[in-house]
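I'd like to ask some things about the structure below.
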Amino acid sequence: MCDEGETADRADAVRTESQKMESRAGETALDGSARSIIVLIVVGMLVGVLSGMFGIGGGTVIVPALVWLGLSQRNAAATSTLAIVPTSISGVVSYATGGHVDWLAAVLLFCGMFVGGQIGSWLLSRLPELVLRWIFVAFLVFVVINQVSFVPSRDHQIVMSVTTGICLALLGVIIGTLAGLLGIGGGALAVPSLSMLFGASDLIARGTSLLAMFPNSITTSAANLKRKLAHVKTALIIGVTAAVTAPLGTWIAGEVSPRVGAIMFACYLCVLLVRSVFVAVKATRAARVARG
């Protein structure tokens, strides 16, 4: 029993040291150069527009961009979650102004996301880097299929009942776990789920998703910061920039039809999926070579 305890302690120590090395490598990559700052600002502008248009936090853009800049998948996911905080605030205000937020549904969704976010953050510090990459790919495949196969209405609302409330909370647990694990706000999963499973219109689904993401991103980020996984300066640059451009995305969402919006989102995710598969396959081959 004592040997098992010592082995577990050594494993935890190795894991912690590995995470510190990843963090230091990320700090070196994001050295505050003009190139890095410009890229982060451009990413923030794009994230804001996409967040407003689709009701997402923007993690599907932020994570690959930060990995490209030199962060590990783990640190990129944690930093992305922190950047989503100001982004979601701006998006919620824009949708709420138009009356496109179901406040009760958002609260129930968040209750589940709070629990799931802690689970996801815990898994984030323990799962191998390669596993995270393939989970991200699987997540993108699921969302693309949803966007192509289902077109939401623009005038439907969520009909609340006890069963509906329980299901919303359970959905929140699933979304929160994925959000904490992948560094996404969860909107890419919440929006199609609210429309397909609960009958919400596309605009209500987006506004409700953003509202639920806001407190969940805070609690998950707190857990990530405690584990020293997130880069605060990077997250602030992206998040504040995104908050400025999110209202533009909200305006675009109201101008296009639900079908056009779904197609636009699916096209964007397909491009991202191709790149993510390429990176994951490359990492898998490198791991096999390393094992000999």
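If you go along the chain as it appears here, the first residue is 1 and each next one adds 1.
Note: Cβ is positioned from N, Cα and C throughout, glycine not excepted.
In case it helps, TrEMBL gives these features for our protein:
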COMPBIAS  7-25  compositional bias 'Basic and acidic residues'
REGION    1-27  region 'Disordered'
TRANSMEM  37-70  transmembrane segment
TRANSMEM  76-96  transmembrane segment
TRANSMEM  103-124  transmembrane segment
TRANSMEM  130-151  transmembrane segment
TRANSMEM  158-182  transmembrane segment
TRANSMEM  194-214  transmembrane segment
TRANSMEM  235-254  transmembrane segment
TRANSMEM  260-281  transmembrane segment
Any chance the transmembrane segment (260-281) and the transmembrane segment (103-124) are in contact, meaning at least three CB pairs closer than 8 A with a sequence separation of 6+?
no
Below 8 angstroms Cβ to Cβ, which residues of this chain, lying six or more residues outside the transmembrane segment (103-124), approach it?
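Same-chain residues near the transmembrane segment (103-124) but 6 or more away: 74, 77-78, 132, 158, 160, 165, 168-182, 186, 190, 194, 198, 200, 208-209, 211-213, 215-216, 219-220, 223-224, 227, 229.
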Counting only residues 6+ away from its ends, which parts of the chain sit with a Cβ under 8 Å from the transmembrane segment (76-96)?
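Hits for the transmembrane segment (76-96): 26, 44, 47-48, 51-52, 55, 57-59, 62-64, 66-67, 121, 124, 132, 179-185, 203, 206-207, 210-211, 213-214, 217-218, 220-221, 224-225, 227, 229-232, 234-236, 238-240, 242-244, 246-247, 249-251.
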I'm a bit unsure how to read this: which one of 37-70, 130-151, 158-182, 194-214 has the highest number of Cβ pairs shorter than 8 Å with the transmembrane segment (235-254)?
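When the Cβ pairs under 8 Å are tallied, 37-70 comes out ahead.
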Could you give the residue numbers and ranges of same-chain residues that sit at least 6 residues beyond the transmembrane segment (37-70) on either side and whose C-beta is under 8 angstroms from one of its C-beta atoms?
25-26, 28-30, 76-77, 79-81, 83-84, 87-88, 90-91, 94-95, 136, 140, 179, 182-188, 190-191, 205-210, 213, 217, 234, 237-253, 261, 264-265, 268-269, 272, 275-276, 279
Using a Cβ cut-off under 8 Å, which residues of the same chain at least 6 positions beyond either end of the transmembrane segment (158-182) come close to it?
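Distant contacts of the transmembrane segment (158-182): 57, 59, 63, 77, 81, 102, 104-105, 108-124, 127, 132, 135-136, 139, 189-190, 193-194, 197-200, 204, 208, 212-213, 216-217, 220, 223-224.
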